[in-house]
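Have a look at the structure below before the remarks.
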Amino acid sequence: MTLLIFSVVIWCAVWAMNRQIANSPDRDDRAARIFVPVVLGGATLFLWEGLVTGLGVSPVILPAPSDIAATFAASTAILWEDFVQTVLKGALTGYVIGCTAAFVIAVLIDRSSFLTRGLLPIGNFVAALPIVGIAPILVSWFGFDWQSKAAVVVVMVFFPMLVNTVQGLRETDAMQRDLMRTYAAGYLQTLVKLRLPAAMPFVFNGLKIASTLALIGAIVAEYFGSPTRGMGFRISTGVGSLSIDLVWAEIAVAAIVGTLLYGGVSWIEKVVTFWHPSQRR
Amino acid sequence: MKTAFPVLVVLAAIVALWYAAVAPMNIRTALDQAERAGAAVEPAGARERLEVSVWRLMIDNPDHVSEGYALDRPRLPTPVQVGEELWKTTGEMVLKGRAMSKRSLIYHASITLQSTLWGFLLGTTLGILGAVAIVHSRVMDMSVMPWAIISQTIPIVALAPMIIVLSAQLGIEGRGVPKAIISAYLCYFPVLVGMVKGLRAPTASQLDLLRTYNASQRETFFKLRLPASLPYLFTSLKIGIASALVGTIVGELPTGAISGLGARILIGDQFGTPLAIWAALLAAAILAGVLVTLLDILQRVTLKRMGMPT
(Lines of atoms letter the chains of each structure in order from A and count residues from 1; the text may use other names and numbers.)
(Lines give C-alpha, C1' and ligand atoms only; values in the text may rest on other atoms or scores of the structure.)
Protein backbone atom coordinates (compact mmCIF):
# COMPACT_ATOMS: atom_id res chain seq x y z
CA MET A 1 0.00 0.00 0.00
CA THR A 2 2.84 2.38 0.85
CA LEU A 3 4.27 1.69 -2.62
CA LEU A 4 0.98 2.73 -4.17
CA ILE A 5 0.83 6.00 -2.25
CA PHE A 6 4.52 6.60 -2.90
CA SER A 7 4.11 6.07 -6.65
CA VAL A 8 1.11 8.38 -6.83
CA VAL A 9 3.04 11.05 -4.96
CA ILE A 10 6.04 10.59 -7.27
CA TRP A 11 3.83 10.87 -10.34
CA CYS A 12 2.23 14.09 -9.13
CA ALA A 13 5.64 15.48 -8.21
CA VAL A 14 6.96 14.69 -11.69
CA TRP A 15 3.94 16.35 -13.28
CA ALA A 16 4.46 19.46 -11.14
CA MET A 17 8.13 19.51 -12.09
CA ASN A 18 7.28 19.15 -15.79
CA ARG A 19 4.90 22.04 -15.37
CA GLN A 20 7.69 24.14 -13.94
CA ILE A 21 10.01 23.20 -16.80
CA ALA A 22 7.34 23.81 -19.44
CA ASN A 23 6.75 27.31 -18.16
CA SER A 24 10.39 28.17 -17.61
CA PRO A 25 12.42 30.05 -20.22
CA ASP A 26 14.56 26.97 -20.97
CA ARG A 27 11.60 25.01 -22.31
CA ASP A 28 12.78 25.04 -25.91
CA ASP A 29 16.06 23.44 -24.91
CA ARG A 30 16.77 20.13 -26.60
CA ALA A 31 17.50 18.57 -23.22
CA ALA A 32 14.19 19.77 -21.76
CA ARG A 33 12.26 18.48 -24.77
CA ILE A 34 13.65 15.00 -24.23
CA PHE A 35 13.76 15.09 -20.43
CA VAL A 36 10.10 15.99 -19.87
CA PRO A 37 8.43 13.10 -21.72
CA VAL A 38 11.04 10.57 -20.58
CA VAL A 39 10.55 11.41 -16.90
CA LEU A 40 6.79 11.27 -17.30
CA GLY A 41 7.07 7.87 -18.95
CA GLY A 42 9.25 6.60 -16.11
CA ALA A 43 6.85 7.95 -13.50
CA THR A 44 3.91 6.32 -15.29
CA LEU A 45 5.71 2.97 -15.31
CA PHE A 46 6.34 3.39 -11.59
CA LEU A 47 2.68 4.27 -11.06
CA TRP A 48 1.74 1.07 -12.93
CA GLU A 49 4.05 -0.88 -10.64
CA GLY A 50 2.53 0.78 -7.58
CA LEU A 51 -1.04 0.21 -8.72
CA VAL A 52 -0.49 -3.45 -9.56
CA THR A 53 1.41 -4.39 -6.40
CA GLY A 54 -0.45 -1.99 -4.12
CA LEU A 55 -3.92 -3.11 -5.17
CA GLY A 56 -2.86 -6.75 -5.43
CA VAL A 57 -3.85 -7.14 -9.08
CA SER A 58 -3.45 -10.75 -10.19
CA PRO A 59 -0.47 -11.15 -12.55
CA VAL A 60 -2.81 -13.02 -14.90
CA ILE A 61 -4.69 -9.78 -15.50
CA LEU A 62 -1.87 -7.25 -15.51
CA PRO A 63 1.70 -8.08 -14.49
CA ALA A 64 3.87 -5.41 -12.90
CA PRO A 65 6.59 -3.82 -15.04
CA SER A 66 9.26 -5.40 -12.82
CA ASP A 67 7.82 -8.87 -13.53
CA ILE A 68 7.76 -8.13 -17.25
CA ALA A 69 11.35 -6.94 -17.12
CA ALA A 70 12.35 -10.11 -15.27
CA THR A 71 10.61 -12.29 -17.87
CA PHE A 72 12.19 -10.22 -20.61
CA ALA A 73 15.65 -10.81 -19.19
CA ALA A 74 15.01 -14.50 -18.57
CA SER A 75 13.66 -15.31 -22.05
CA THR A 76 15.88 -13.31 -24.37
CA ALA A 77 16.55 -16.43 -26.45
CA ILE A 78 12.85 -16.90 -27.26
CA LEU A 79 12.36 -13.18 -27.84
CA TRP A 80 15.34 -13.05 -30.20
CA GLU A 81 14.07 -16.04 -32.17
CA ASP A 82 10.66 -14.40 -32.52
CA PHE A 83 12.26 -11.10 -33.43
CA VAL A 84 14.26 -12.71 -36.25
CA GLN A 85 11.20 -14.58 -37.54
CA THR A 86 8.69 -11.75 -37.42
CA VAL A 87 10.67 -8.57 -37.79
CA LEU A 88 13.78 -9.41 -39.79
CA LYS A 89 12.29 -12.08 -42.06
CA GLY A 90 8.61 -11.12 -42.26
CA ALA A 91 8.23 -7.40 -41.71
CA LEU A 92 11.51 -6.01 -43.04
CA THR A 93 11.59 -8.16 -46.19
CA GLY A 94 8.04 -7.19 -47.02
CA TYR A 95 8.73 -3.56 -46.14
CA VAL A 96 11.71 -3.32 -48.46
CA ILE A 97 10.01 -5.18 -51.33
CA GLY A 98 6.70 -3.31 -50.98
CA CYS A 99 8.21 0.15 -50.64
CA THR A 100 10.69 -0.38 -53.47
CA ALA A 101 8.00 -1.72 -55.78
CA ALA A 102 5.64 1.13 -54.94
CA PHE A 103 8.39 3.70 -55.44
CA VAL A 104 9.45 2.31 -58.83
CA ILE A 105 5.87 1.99 -60.05
CA ALA A 106 5.10 5.52 -58.85
CA VAL A 107 8.03 6.90 -60.85
CA LEU A 108 6.90 4.90 -63.91
CA ILE A 109 3.21 5.86 -63.86
CA ASP A 110 4.17 9.45 -63.17
CA ARG A 111 5.24 9.73 -66.82
CA SER A 112 1.60 9.42 -67.87
CA SER A 113 -0.79 11.96 -66.43
CA PHE A 114 -3.66 9.72 -67.51
CA LEU A 115 -2.45 6.85 -65.33
CA THR A 116 -1.73 9.20 -62.47
CA ARG A 117 -5.23 10.62 -62.54
CA GLY A 118 -6.67 7.13 -62.74
CA LEU A 119 -4.53 5.50 -60.07
CA LEU A 120 -4.43 8.25 -57.45
CA PRO A 121 -8.11 8.08 -56.40
CA ILE A 122 -8.03 4.27 -56.45
CA GLY A 123 -4.80 4.20 -54.47
CA ASN A 124 -6.22 6.65 -51.95
CA PHE A 125 -9.30 4.49 -51.57
CA VAL A 126 -7.39 1.24 -51.23
CA ALA A 127 -5.05 2.83 -48.69
CA ALA A 128 -8.11 3.44 -46.50
CA LEU A 129 -9.36 -0.15 -46.73
CA PRO A 130 -8.83 -2.74 -43.99
CA ILE A 131 -6.27 -4.65 -46.04
CA VAL A 132 -5.12 -6.73 -43.03
CA GLY A 133 -8.15 -8.90 -43.76
CA ILE A 134 -6.31 -10.29 -46.75
CA ALA A 135 -3.87 -12.05 -44.37
CA PRO A 136 -5.63 -15.47 -44.29
CA ILE A 137 -5.80 -15.58 -48.09
CA LEU A 138 -2.11 -14.84 -48.48
CA VAL A 139 -1.21 -17.32 -45.74
CA SER A 140 -3.05 -20.02 -47.69
CA TRP A 141 -1.26 -18.97 -50.90
CA PHE A 142 2.30 -18.68 -49.63
CA GLY A 143 2.36 -21.20 -46.77
CA PHE A 144 2.92 -20.78 -43.06
CA ASP A 145 6.49 -19.54 -43.03
CA TRP A 146 7.72 -15.97 -43.24
CA GLN A 147 7.08 -15.65 -47.00
CA SER A 148 3.34 -15.24 -46.45
CA LYS A 149 3.98 -12.62 -43.74
CA ALA A 150 6.23 -10.70 -46.10
CA ALA A 151 3.50 -10.91 -48.75
CA VAL A 152 0.91 -9.44 -46.38
CA VAL A 153 3.32 -6.62 -45.54
CA VAL A 154 3.99 -5.97 -49.24
CA VAL A 155 0.27 -5.57 -49.96
CA MET A 156 -0.28 -3.41 -46.88
CA VAL A 157 2.57 -0.95 -47.46
CA PHE A 158 2.22 -0.75 -51.24
CA PHE A 159 -0.67 1.68 -51.61
CA PRO A 160 0.18 4.26 -48.92
CA MET A 161 3.70 4.37 -50.35
CA LEU A 162 2.47 4.62 -53.96
CA VAL A 163 0.04 7.43 -53.23
CA ASN A 164 2.60 9.43 -51.27
CA THR A 165 5.31 9.06 -53.90
CA VAL A 166 3.00 10.00 -56.76
CA GLN A 167 1.85 13.05 -54.82
CA GLY A 168 5.42 13.97 -54.02
CA LEU A 169 6.47 13.76 -57.65
CA ARG A 170 3.78 16.31 -58.49
CA GLU A 171 5.13 18.73 -55.88
CA THR A 172 7.36 20.77 -58.18
CA ASP A 173 5.66 23.78 -59.73
CA ALA A 174 5.69 24.83 -63.36
CA MET A 175 8.25 27.55 -62.66
CA GLN A 176 10.85 25.11 -61.35
CA ARG A 177 10.27 22.68 -64.21
CA ASP A 178 10.56 25.53 -66.69
CA LEU A 179 13.87 26.47 -65.16
CA MET A 180 15.12 22.93 -65.72
CA ARG A 181 13.95 23.14 -69.31
CA THR A 182 15.89 26.35 -69.88
CA TYR A 183 18.94 24.46 -68.62
CA ALA A 184 18.16 21.91 -71.39
CA ALA A 185 17.77 19.20 -68.76
CA GLY A 186 16.29 15.95 -70.00
CA TYR A 187 13.59 13.90 -68.27
CA LEU A 188 16.12 11.91 -66.26
CA GLN A 189 18.07 14.95 -65.13
CA THR A 190 14.90 16.75 -64.11
CA LEU A 191 13.79 13.68 -62.23
CA VAL A 192 17.02 13.10 -60.35
CA LYS A 193 18.00 16.68 -59.67
CA LEU A 194 14.64 18.37 -59.12
CA ARG A 195 11.61 16.15 -58.77
CA LEU A 196 12.93 13.30 -56.65
CA PRO A 197 14.51 15.60 -54.07
CA ALA A 198 11.28 17.62 -53.99
CA ALA A 199 9.31 14.42 -53.50
CA MET A 200 11.43 13.23 -50.57
CA PRO A 201 9.28 14.68 -47.74
CA PHE A 202 6.30 12.79 -49.19
CA VAL A 203 8.30 9.64 -49.77
CA PHE A 204 9.43 9.66 -46.17
CA ASN A 205 5.90 10.29 -44.99
CA GLY A 206 4.92 7.15 -46.88
CA LEU A 207 7.89 5.24 -45.46
CA LYS A 208 6.90 6.24 -41.92
CA ILE A 209 3.28 5.16 -42.37
CA ALA A 210 4.51 1.93 -43.94
CA SER A 211 6.88 1.21 -41.05
CA THR A 212 4.02 0.94 -38.56
CA LEU A 213 1.86 -0.98 -41.04
CA ALA A 214 4.66 -3.47 -41.69
CA LEU A 215 4.78 -4.63 -38.08
CA ILE A 216 0.98 -4.82 -37.85
CA GLY A 217 0.82 -6.91 -41.02
CA ALA A 218 3.56 -9.31 -39.97
CA ILE A 219 2.04 -9.90 -36.54
CA VAL A 220 -1.58 -10.28 -37.70
CA ALA A 221 -0.58 -12.71 -40.44
CA GLU A 222 0.93 -14.96 -37.77
CA TYR A 223 -2.44 -15.31 -36.07
CA PHE A 224 -3.52 -17.28 -39.15
CA GLY A 225 -0.82 -19.86 -39.04
CA SER A 226 2.91 -19.79 -38.50
CA PRO A 227 5.74 -22.11 -37.58
CA THR A 228 6.13 -22.42 -33.81
CA ARG A 229 7.96 -19.14 -33.50
CA GLY A 230 7.22 -15.51 -34.17
CA MET A 231 5.83 -12.65 -32.11
CA GLY A 232 2.23 -13.05 -33.24
CA PHE A 233 2.37 -16.78 -32.60
CA ARG A 234 3.85 -16.25 -29.13
CA ILE A 235 1.27 -13.61 -28.25
CA SER A 236 -1.74 -15.67 -29.33
CA THR A 237 -0.52 -18.85 -27.64
CA GLY A 238 0.67 -16.91 -24.60
CA VAL A 239 -2.78 -15.42 -24.11
CA GLY A 240 -4.25 -18.89 -24.42
CA SER A 241 -1.88 -20.44 -21.87
CA LEU A 242 -2.02 -17.43 -19.54
CA SER A 243 1.72 -16.74 -19.64
CA ILE A 244 0.79 -13.10 -19.69
CA ASP A 245 4.20 -11.79 -18.62
CA LEU A 246 5.79 -13.33 -21.73
CA VAL A 247 3.05 -11.72 -23.84
CA TRP A 248 3.87 -8.35 -22.31
CA ALA A 249 7.56 -8.95 -22.95
CA GLU A 250 6.69 -9.54 -26.63
CA ILE A 251 4.59 -6.39 -26.62
CA ALA A 252 7.58 -4.54 -25.20
CA VAL A 253 9.74 -5.91 -28.02
CA ALA A 254 7.11 -4.85 -30.56
CA ALA A 255 6.95 -1.38 -29.04
CA ILE A 256 10.73 -0.98 -29.02
CA VAL A 257 11.07 -2.29 -32.58
CA GLY A 258 8.22 -0.10 -33.82
CA THR A 259 9.69 2.98 -32.18
CA LEU A 260 13.21 2.22 -33.44
CA LEU A 261 11.97 1.61 -36.98
CA TYR A 262 9.99 4.83 -36.99
CA GLY A 263 12.85 6.70 -35.34
CA GLY A 264 15.31 5.31 -37.86
CA VAL A 265 13.20 6.40 -40.82
CA SER A 266 12.75 9.84 -39.22
CA TRP A 267 16.51 10.11 -38.71
CA ILE A 268 17.23 9.28 -42.37
CA GLU A 269 14.54 11.77 -43.34
CA LYS A 270 16.28 14.45 -41.32
CA VAL A 271 19.56 13.75 -43.10
CA VAL A 272 18.05 13.58 -46.60
CA THR A 273 15.54 16.44 -46.39
CA PHE A 274 17.61 18.82 -44.27
CA TRP A 275 16.54 21.63 -46.61
CA HIS A 276 12.83 21.27 -45.93
CA PRO A 277 11.18 23.93 -43.70
CA SER A 278 9.85 21.28 -41.30
CA GLN A 279 13.40 20.06 -40.60
CA ARG A 280 15.08 23.44 -40.18
CA ARG A 281 16.00 24.62 -36.74
CA MET B 1 -15.51 14.00 -65.37
CA LYS B 2 -11.83 14.65 -65.87
CA THR B 3 -10.92 11.96 -63.38
CA ALA B 4 -13.85 9.60 -63.94
CA PHE B 5 -12.64 8.27 -67.28
CA PRO B 6 -9.04 7.47 -66.22
CA VAL B 7 -10.33 5.88 -63.02
CA LEU B 8 -12.70 3.66 -64.97
CA VAL B 9 -9.97 2.65 -67.41
CA VAL B 10 -7.61 1.75 -64.56
CA LEU B 11 -10.39 -0.16 -62.81
CA ALA B 12 -11.12 -2.08 -66.01
CA ALA B 13 -7.42 -2.89 -66.34
CA ILE B 14 -7.34 -4.19 -62.76
CA VAL B 15 -10.39 -6.40 -63.36
CA ALA B 16 -8.84 -7.71 -66.59
CA LEU B 17 -5.59 -8.52 -64.76
CA TRP B 18 -7.60 -10.23 -62.06
CA TYR B 19 -9.39 -12.41 -64.61
CA ALA B 20 -6.11 -13.26 -66.28
CA ALA B 21 -4.60 -14.24 -62.93
CA VAL B 22 -7.47 -16.59 -62.09
CA ALA B 23 -6.42 -19.16 -64.71
CA PRO B 24 -2.86 -19.82 -63.46
CA MET B 25 -3.90 -19.52 -59.81
CA ASN B 26 -6.68 -22.10 -60.09
CA ILE B 27 -5.33 -24.51 -62.68
CA ARG B 28 -4.00 -26.99 -60.13
CA THR B 29 -7.27 -27.19 -58.22
CA ALA B 30 -9.21 -27.43 -61.47
CA LEU B 31 -7.02 -30.28 -62.72
CA ASP B 32 -7.30 -32.12 -59.39
CA GLN B 33 -11.07 -31.90 -59.63
CA ALA B 34 -11.17 -32.92 -63.27
CA GLU B 35 -8.96 -35.92 -62.53
CA ARG B 36 -11.17 -37.00 -59.67
CA ALA B 37 -14.17 -36.72 -61.99
CA GLY B 38 -12.43 -39.16 -64.34
CA ALA B 39 -11.02 -36.87 -67.03
CA ALA B 40 -7.60 -37.52 -68.54
CA VAL B 41 -5.12 -34.98 -67.24
CA GLU B 42 -1.53 -34.43 -68.31
CA PRO B 43 0.50 -35.30 -66.21
CA ALA B 44 -1.62 -37.59 -64.07
CA GLY B 45 -1.48 -37.40 -60.27
CA ALA B 46 -1.56 -34.29 -58.06
CA ARG B 47 1.95 -34.97 -56.72
CA GLU B 48 3.46 -35.18 -60.21
CA ARG B 49 1.74 -31.95 -61.18
CA LEU B 50 3.44 -30.08 -58.32
CA GLU B 51 6.72 -30.58 -60.22
CA VAL B 52 5.33 -28.82 -63.31
CA SER B 53 4.86 -25.06 -63.61
CA VAL B 54 1.34 -23.70 -63.91
CA TRP B 55 2.08 -22.35 -67.40
CA ARG B 56 3.08 -25.82 -68.61
CA LEU B 57 -0.11 -27.23 -67.05
CA MET B 58 -2.24 -24.65 -68.83
CA ILE B 59 -0.63 -25.41 -72.22
CA ASP B 60 -0.94 -29.16 -71.75
CA ASN B 61 -4.55 -29.07 -70.52
CA PRO B 62 -6.22 -26.25 -72.46
CA ASP B 63 -9.66 -27.83 -72.02
CA HIS B 64 -9.58 -27.57 -68.25
CA VAL B 65 -8.48 -23.95 -67.95
CA SER B 66 -12.05 -22.70 -68.09
CA GLU B 67 -12.99 -24.92 -65.15
CA GLY B 68 -10.73 -22.77 -62.99
CA TYR B 69 -13.28 -20.00 -63.37
CA ALA B 70 -16.13 -21.93 -61.77
CA LEU B 71 -14.61 -23.69 -58.75
CA ASP B 72 -16.45 -23.96 -55.45
CA ARG B 73 -13.32 -23.33 -53.42
CA PRO B 74 -10.99 -21.40 -55.71
CA ARG B 75 -7.60 -20.12 -54.59
CA LEU B 76 -8.49 -16.93 -56.40
CA PRO B 77 -12.18 -16.39 -57.19
CA THR B 78 -13.29 -14.26 -60.10
CA PRO B 79 -14.82 -10.85 -59.34
CA VAL B 80 -18.18 -12.21 -60.50
CA GLN B 81 -17.98 -15.10 -58.06
CA VAL B 82 -17.20 -12.69 -55.23
CA GLY B 83 -20.06 -10.45 -56.29
CA GLU B 84 -22.45 -13.40 -56.45
CA GLU B 85 -21.39 -14.57 -53.00
CA LEU B 86 -21.86 -11.07 -51.66
CA TRP B 87 -25.32 -10.87 -53.21
CA LYS B 88 -26.20 -14.29 -51.86
CA THR B 89 -25.31 -13.21 -48.32
CA THR B 90 -26.86 -9.73 -48.49
CA GLY B 91 -29.47 -8.95 -51.12
CA GLU B 92 -30.93 -12.42 -51.35
CA MET B 93 -31.24 -12.62 -47.56
CA VAL B 94 -33.12 -9.32 -47.58
CA LEU B 95 -35.48 -10.58 -50.27
CA LYS B 96 -36.12 -13.64 -48.14
CA GLY B 97 -36.80 -11.34 -45.21
CA ARG B 98 -33.87 -12.66 -43.19
CA ALA B 99 -31.60 -9.64 -43.36
CA MET B 100 -30.51 -10.11 -39.75
CA SER B 101 -29.91 -13.85 -39.90
CA LYS B 102 -26.52 -15.10 -38.65
CA ARG B 103 -25.63 -16.08 -42.21
CA SER B 104 -26.23 -12.61 -43.55
CA LEU B 105 -23.32 -10.26 -44.07
CA ILE B 106 -25.65 -7.37 -43.26
CA TYR B 107 -25.88 -8.70 -39.73
CA HIS B 108 -22.11 -9.08 -39.46
CA ALA B 109 -21.50 -5.68 -41.02
CA SER B 110 -23.87 -4.10 -38.52
CA ILE B 111 -21.95 -5.68 -35.62
CA THR B 112 -18.69 -4.36 -37.05
CA LEU B 113 -20.25 -0.98 -37.75
CA GLN B 114 -21.46 -0.70 -34.17
CA SER B 115 -18.03 -1.26 -32.67
CA THR B 116 -16.49 0.99 -35.28
CA LEU B 117 -18.83 3.84 -34.47
CA TRP B 118 -18.33 3.47 -30.71
CA GLY B 119 -14.58 3.36 -31.24
CA PHE B 120 -14.79 6.33 -33.57
CA LEU B 121 -16.82 8.30 -31.04
CA LEU B 122 -14.45 7.45 -28.21
CA GLY B 123 -11.33 8.05 -30.28
CA THR B 124 -12.57 11.33 -31.72
CA THR B 125 -13.59 12.62 -28.30
CA LEU B 126 -10.21 11.67 -26.84
CA GLY B 127 -8.42 13.17 -29.83
CA ILE B 128 -10.28 16.47 -29.70
CA LEU B 129 -10.02 16.84 -25.91
CA GLY B 130 -6.33 15.95 -26.09
CA ALA B 131 -5.77 18.49 -28.83
CA VAL B 132 -7.55 21.22 -26.86
CA ALA B 133 -5.43 20.41 -23.81
CA ILE B 134 -2.24 20.32 -25.85
CA VAL B 135 -2.95 23.64 -27.51
CA HIS B 136 -3.77 25.36 -24.24
CA SER B 137 -1.27 23.79 -21.89
CA ARG B 138 2.42 23.78 -22.59
CA VAL B 139 3.14 20.99 -20.15
CA MET B 140 0.63 18.73 -21.95
CA ASP B 141 2.27 19.59 -25.25
CA MET B 142 5.74 18.76 -23.99
CA SER B 143 4.98 15.61 -22.05
CA VAL B 144 2.00 14.01 -23.81
CA MET B 145 2.61 14.71 -27.50
CA PRO B 146 5.78 12.57 -27.76
CA TRP B 147 3.97 9.66 -26.13
CA ALA B 148 1.03 10.05 -28.47
CA ILE B 149 3.43 9.67 -31.39
CA ILE B 150 5.18 6.69 -29.79
CA SER B 151 1.83 5.05 -29.07
CA GLN B 152 1.21 4.81 -32.80
CA THR B 153 4.50 3.09 -33.53
CA ILE B 154 3.46 0.27 -31.19
CA PRO B 155 1.65 -2.33 -33.26
CA ILE B 156 -1.79 -2.33 -31.64
CA VAL B 157 -2.51 -5.83 -32.90
CA ALA B 158 0.11 -7.07 -30.46
CA LEU B 159 -2.07 -5.57 -27.75
CA ALA B 160 -5.41 -6.70 -29.17
CA PRO B 161 -5.55 -10.18 -27.56
CA MET B 162 -4.36 -8.60 -24.29
CA ILE B 163 -7.10 -5.99 -24.32
CA ILE B 164 -9.68 -8.71 -24.85
CA VAL B 165 -8.31 -10.86 -22.01
CA LEU B 166 -8.11 -7.82 -19.75
CA SER B 167 -11.67 -6.71 -20.35
CA ALA B 168 -12.91 -10.29 -19.93
CA GLN B 169 -11.08 -10.54 -16.60
CA LEU B 170 -12.47 -7.21 -15.48
CA GLY B 171 -15.92 -8.61 -16.10
CA ILE B 172 -16.88 -6.53 -19.10
CA GLU B 173 -19.62 -8.37 -20.93
CA GLY B 174 -19.71 -8.71 -24.64
CA ARG B 175 -17.03 -8.43 -27.28
CA GLY B 176 -18.04 -4.97 -28.40
CA VAL B 177 -16.10 -3.07 -25.74
CA PRO B 178 -12.57 -4.38 -26.41
CA LYS B 179 -13.09 -3.98 -30.15
CA ALA B 180 -14.21 -0.40 -29.63
CA ILE B 181 -11.13 0.26 -27.47
CA ILE B 182 -8.83 -1.07 -30.18
CA SER B 183 -10.48 1.01 -32.87
CA ALA B 184 -10.43 4.08 -30.61
CA TYR B 185 -6.70 3.53 -30.13
CA LEU B 186 -6.12 3.59 -33.89
CA CYS B 187 -8.57 6.41 -34.46
CA TYR B 188 -7.62 9.00 -31.85
CA PHE B 189 -4.18 9.78 -33.24
CA PRO B 190 -5.08 11.24 -36.66
CA VAL B 191 -7.79 13.30 -34.97
CA LEU B 192 -5.38 14.53 -32.29
CA VAL B 193 -2.72 15.54 -34.79
CA GLY B 194 -5.22 17.13 -37.17
CA MET B 195 -6.92 19.08 -34.42
CA VAL B 196 -3.65 20.34 -32.93
CA LYS B 197 -2.72 21.59 -36.38
CA GLY B 198 -6.19 23.06 -36.90
CA LEU B 199 -6.42 24.79 -33.53
CA ARG B 200 -3.03 26.34 -34.20
CA ALA B 201 -4.04 27.38 -37.72
CA PRO B 202 -5.13 30.95 -36.80
CA THR B 203 -2.32 33.38 -37.60
CA ALA B 204 -0.64 35.58 -35.02
CA SER B 205 -2.39 38.64 -36.44
CA GLN B 206 -5.81 37.02 -36.07
CA LEU B 207 -5.03 36.09 -32.47
CA ASP B 208 -3.76 39.63 -31.89
CA LEU B 209 -6.98 41.05 -33.29
CA LEU B 210 -9.01 39.07 -30.77
CA ARG B 211 -6.69 40.30 -28.03
CA THR B 212 -7.39 43.89 -29.03
CA TYR B 213 -11.09 43.02 -28.69
CA ASN B 214 -10.24 41.93 -25.14
CA ALA B 215 -11.55 38.45 -25.91
CA SER B 216 -11.12 35.84 -23.22
CA GLN B 217 -9.37 32.55 -23.90
CA ARG B 218 -12.79 30.91 -24.05
CA GLU B 219 -14.10 33.34 -26.61
CA THR B 220 -10.94 33.04 -28.67
CA PHE B 221 -11.41 29.29 -28.65
CA PHE B 222 -15.05 29.24 -29.71
CA LYS B 223 -15.00 32.14 -32.14
CA LEU B 224 -11.63 31.75 -33.79
CA ARG B 225 -9.73 28.54 -33.07
CA LEU B 226 -12.60 26.08 -33.33
CA PRO B 227 -14.05 27.35 -36.61
CA ALA B 228 -10.57 27.60 -38.09
CA SER B 229 -9.86 24.00 -37.17
CA LEU B 230 -12.90 22.50 -38.90
CA PRO B 231 -11.32 21.77 -42.30
CA TYR B 232 -8.49 19.97 -40.51
CA LEU B 233 -10.98 18.18 -38.29
CA PHE B 234 -12.96 16.76 -41.20
CA THR B 235 -9.86 15.61 -43.04
CA SER B 236 -8.65 13.76 -39.98
CA LEU B 237 -12.12 12.39 -39.24
CA LYS B 238 -12.06 10.69 -42.63
CA ILE B 239 -8.72 9.08 -41.83
CA GLY B 240 -9.99 8.34 -38.33
CA ILE B 241 -13.09 6.44 -39.39
CA ALA B 242 -11.10 4.33 -41.83
CA SER B 243 -8.61 3.53 -39.06
CA ALA B 244 -11.46 2.76 -36.66
CA LEU B 245 -12.83 0.20 -39.11
CA VAL B 246 -9.38 -1.36 -39.51
CA GLY B 247 -9.13 -1.48 -35.71
CA THR B 248 -12.46 -3.22 -35.31
CA ILE B 249 -11.65 -5.82 -37.94
CA VAL B 250 -8.21 -6.41 -36.44
CA GLY B 251 -9.92 -6.72 -33.07
CA GLU B 252 -12.20 -9.41 -34.48
CA LEU B 253 -9.48 -11.36 -36.26
CA PRO B 254 -7.25 -12.97 -33.64
CA THR B 255 -9.78 -13.32 -30.87
CA GLY B 256 -12.20 -16.00 -31.88
CA ALA B 257 -15.09 -13.60 -32.28
CA ILE B 258 -18.13 -15.19 -33.88
CA SER B 259 -19.90 -12.20 -35.34
CA GLY B 260 -18.58 -9.31 -37.34
CA LEU B 261 -16.84 -9.03 -40.70
CA GLY B 262 -13.45 -9.92 -39.20
CA ALA B 263 -15.00 -13.02 -37.67
CA ARG B 264 -16.41 -13.97 -41.09
CA ILE B 265 -12.89 -13.76 -42.50
CA LEU B 266 -11.59 -15.90 -39.62
CA ILE B 267 -14.36 -18.47 -40.01
CA GLY B 268 -13.91 -18.55 -43.78
CA ASP B 269 -10.24 -19.30 -43.20
CA GLN B 270 -10.92 -22.06 -40.68
CA PHE B 271 -13.59 -23.75 -42.78
CA GLY B 272 -11.70 -23.38 -46.05
CA THR B 273 -14.34 -21.31 -47.82
CA PRO B 274 -12.38 -18.63 -49.65
CA LEU B 275 -15.51 -17.14 -51.20
CA ALA B 276 -16.77 -16.21 -47.73
CA ILE B 277 -13.46 -14.44 -46.99
CA TRP B 278 -13.57 -12.52 -50.24
CA ALA B 279 -17.19 -11.52 -49.77
CA ALA B 280 -16.45 -10.30 -46.24
CA LEU B 281 -13.45 -8.36 -47.53
CA LEU B 282 -15.56 -6.76 -50.23
CA ALA B 283 -18.25 -5.91 -47.69
CA ALA B 284 -15.61 -4.30 -45.45
CA ALA B 285 -14.33 -2.30 -48.41
CA ILE B 286 -17.85 -1.11 -49.23
CA LEU B 287 -18.46 -0.21 -45.59
CA ALA B 288 -15.22 1.81 -45.51
CA GLY B 289 -16.17 3.54 -48.74
CA VAL B 290 -19.65 4.44 -47.48
CA LEU B 291 -18.38 5.79 -44.16
CA VAL B 292 -15.67 7.94 -45.73
CA THR B 293 -18.09 9.22 -48.39
CA LEU B 294 -20.67 10.17 -45.74
CA LEU B 295 -18.06 12.19 -43.84
CA ASP B 296 -16.94 13.75 -47.11
CA ILE B 297 -20.49 14.92 -47.85
CA LEU B 298 -20.82 16.22 -44.29
CA GLN B 299 -17.57 18.11 -44.76
CA ARG B 300 -18.69 19.71 -48.00
CA VAL B 301 -22.06 20.74 -46.58
CA THR B 302 -20.65 22.12 -43.33
CA LEU B 303 -17.78 24.02 -44.89
CA LYS B 304 -20.05 25.42 -47.57
CA ARG B 305 -22.49 26.72 -44.99
CA MET B 306 -19.60 28.26 -43.09
CA GLY B 307 -18.45 29.96 -46.26
CA MET B 308 -15.13 28.15 -46.42
CA PRO B 309 -13.56 26.83 -49.60
CA THR B 310 -13.99 23.07 -49.80
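The backbone N, Cα and C atoms fix where each Cβ goes, glycine too.
Annotation comment: TrEMBL describes A:97-270 as domain 'ABC transmembrane type-1'. Under the heading transmembrane segment, TrEMBL lists A:32-48, A:92-110, A:122-144, A:150-169, A:202-226, A:246-268.
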Segment-segment contact (the transmembrane segment (A:92-110); the transmembrane segment (A:150-169)) at 3 or more Cβ pairs under 8 Å: yes
Sequence-remote partners of the transmembrane segment (A:150-169) [C-beta within less than 8 Å, at least six residues beyond its ends]: 89-91, 93-95, 97-99, 101-103, 105-107, 109-110, 116, 119-120, 123-124, 126-127, 131-132, 134-135, 138-139, 141-142, 195-196, 198-203, 205-207, 209-210, 213-214, 216-218, 220-221
Chain residues in Cβ proximity to the transmembrane segment (A:202-226) (below 8 Å; excluding those fewer than six residues from its ends, i.e. six or more beyond): 85-87, 90-92, 94-95, 98-99, 102-103, 132, 135-136, 138-139, 144-145, 148-150, 152-153, 155-157, 160-165, 167-168, 171, 232-233, 235-236, 254, 257-258, 261-262, 265-266, 268-269, 272-273
